Structure formats: C-alpha cells, structure tokens
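Trainee: Supplied in structure tokens, the structure appears directly below.
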Amino acid sequence: MSKPIILTGDRPTGKLHLGHYVGSLKNRVLLQNENKYEMFVFLADQQALTDHAKESEIIKDSIANVALDYLSVGLDPEKVTIFIQSQIPELAELTMYYMNLVSLARLERNPTVKTEIAQKGFGESIPTGFLVYPISQAADITAFKANYVPVGNDQKPMIEQTREIVRSFNHTYKTNCLVEPEGIYPKNEAAGRLPGLDGNAKMSKSLGNGIFLSDDADTVRKKVMSMYTDPNHIRVEDPGQIEGNMVFHYLDIFGRKEDQTDIAAMKEHYQSGGLGDVKTKHYLLDILERELTPIRRRRLEYEKNMDQVLDILKKGSETARETASETLSGVKRAMGINYF
C-alpha cells in the first residue's frame, strides 16, 4: 500500500530563520522520521519571482542557502525529495490548464491574496503572475498528488482554492485523476508565528529582527542579549512583566518538557523582583544553542561540499519531474488532448 503524500516548501528570498524552524521545518523533520509519508519539499523560486521579478539575483543566491538550511535542520534526501520548482516545466503547463477553470473574480476574492496585495503596496499595478499564483500553487500540490499540505492558518484560502480546482477539473472532465488535498495547520498558533526579537508581531527577513539558522554562536549571543524584555524593569530588584517579554515568550516556545519547572520558577522570580534580564537571556541562550548547535554542525559539513548539495537538488528535481510528468499525462488524457 502506498504512503500518503505530503508537499511543502518555501520561497527562496533569503536565509531561513527560527520563525521558519518552529513554524514548519522542525515539524517536517518529525514527519519525515515517522516514515509514514512520501514527502516532497521544494524551493518555490517561480512563486518568488511573482513579486521579485526584477531581483532575480536574490532568488538565485538564496537557492543554495535555503537548501543548506533544509539539510542542516535534518531533512534527509534519502527520505525526502527536495527539488526546485522552476526545474519542473510540467507545473507551468498544469497551471495554464487550471487557469481556464478559475475566474478573475474568484482570484480577486481570495483573502490571502487581497491581504498580500495590500501589504506589498501594489495598488493598481498588480503583477499578473502574483494574482494567479494560487493557481500555480494548485499545480504544485496536484502534480504530486499530495494528500496533505502543512501550512499556516493564513494559507487556508489557498488550500480551499486548490480543492475547488480539483473538484472543478474532475467534474468537468469526468475523471478522478486529481487528488483533493487537506491542509495540516499548526496546533500551537503562537509557535507557528514566532515574534521578532524586537517584539514585532512576526520574525521577518526584511525587518532584520530574527535569528537565522546560519548565524554563528557569537551572532546568536549578541542578538539574544539585545532582545526586547520589559522596558520598565530597570533594576534587578524591580518586579518585571512576563507578558510581552520576548525572552519568556521564546522560553515558552523553545523550552522542552524537562525545562518547564525551571521556567515556571524563573517567571515567578522575575514577577516578584530580584531576577535580572541578563540572567534570563543567558538561560534562553542555552536553550536556543541546544537546538542550534547540531544544526550549525551539519551546515558546516555540507558547506564543505557544495557540489553534493547541488547534486541533491538536481537528483531531487529529476525525481520530482518524473512524478509531475505522470500527472500531466493523466490530465491531458482526461482533457482529450493527448493527440499522439
């Protein structure tokens, strides 16, 4: 019996950070190690071009960095197919066929797209590729017959749009060749969207308020020591607030079961006074380094042999293309356009 299929990926627009790690990467490794699924993980460079068309060098430079991030967190190319979206031309052809089943009005109603258009300040100059990228996502998902797609809650409209396209295609062409996917959403929404070190609602590459998976130990230390805490906690003996204090927020997310007694005691001590921010930050640093040290070690090993990293991407893309080609053939048969 074949395993259920999972598809997931990232836009290669820069290095990945702790927000990506707790939001998706760590869970991908757990799913991989369960050995219950066939997994495809991809670098969505074509999607990144929808709002970086004039900055393609950023995407090119990011491919290797994101691949290193994948491998360093523990994704295993022997267990997971890692590929580059643009190396699978079948995805673009599938997108074209699906576009004929989706109205412009439906795309414009997609709440995720509407929010992102406003955030990016496109105004009336919306790139066509950006507006239709939910259809491209549907092609990505259906090409690999994904049963499950791990995404954040903000991506629920994208999953629903893919499900609509699958139902429309299968009904129109009287087939069942496309698989209707299900989203896998974060159980802990707080962990799924890690705030920035400065207390900003989201850790972001553009805001420069994150800890990158590629940061060395000294850089991580400096960033942790500059974290936002309680601005009114001026003296050690002063009572402090843990609400909105990023150090305690991070401890809640990164602390393991065996850390909970110490963290609870620290919270009580901090709130009653007598515990300084330097001590809490050093404790958090130890917790973070417990996660980051093995990641950093694996990254250094892969950095010594970038030819191996590129070979992993090349072989993964070849494997992925075989699967996508089979799906495309089935789609064309259903449509009656397999002429020869």
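Cβ coordinates are placed from backbone N, Cα and C, and glycine is handled just like the others.
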Trainee: Swiss-Prot tags one of 12-20, 237-245, 255-263 as motif ''HIGH' region' - which one?
Mentor: 12-20
Trainee: Of 52-56, 112-116, 202-206, 317-321, which span is tagged motif ''KMSKS' region' by Swiss-Prot?
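Mentor: In Swiss-Prot, the motif ''KMSKS' region' feature sits at 202-206.
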Trainee: Which of LEU30, LEU194 shares the ATP site with ARG11, PRO12, THR13, GLY19, HIS20, GLY152, ASN153, ASP154, LYS202, MET203, SER204, LYS205, SER206 per Swiss-Prot?
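Mentor: Looking at LEU30, LEU194, the one Swiss-Prot places in the ATP site next to ARG11, PRO12, THR13, GLY19, HIS20, GLY152, ASN153, ASP154, LYS202, MET203, SER204, LYS205, SER206 is LEU194.
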Trainee: What does the structure give for the C-alpha distance between LEU194 (ATP binding site) and ASP140 (L-tryptophan binding site)? Integer Å is fine.
Mentor: 26
Trainee: Max Cα distance spanning ARG11, PRO12, THR13, GLY19, HIS20, GLY152, ASN153, ASP154, LEU194, LYS202, MET203, SER204, LYS205, SER206 (ATP binders), Å?
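Mentor: Largest Cα to Cα distance for the ATP-binding set is 21 Å.
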Trainee: Please report the distance from the Cα of ARG11 (ATP binding site) to the Cα of ASP140 (L-tryptophan binding site), rounded to the nearest angstrom.
Mentor: 13
Trainee: So which binding-site residues out of THR13, HIS20, ASN153, MET203 end up within 10 angstroms of ASP140 (L-tryptophan binding site), measuring C-alpha to C-alpha?
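Mentor: Passing the 10 Å Cα cut: none.
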Trainee: On the 0 to 100 pLDDT scale, where does the motif ''HIGH' region' (12-20) sit on average?
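Mentor: Here the predicted model's pLDDT, averaged over the motif ''HIGH' region' (12-20), is 93.
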Trainee: Taking the Cβ of each of the binding-site residues and counting other Cβ atoms inside 10 Å, which one has the highest number: HIS20, ASN153, MET203?
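Mentor: Going through HIS20, ASN153, MET203 one by one, the largest Cβ count within 10 Å is at MET203.
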Trainee: Does LYS205 (ATP binding site) have same-chain partners at least 6 apart in sequence with Cβ under 8 Å from its own Cβ, and which are they?
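Mentor: THR13, GLY14, LYS15, HIS17 - these are the non-local Cβ neighbours of LYS205 (ATP binding site), listed in sequence order.
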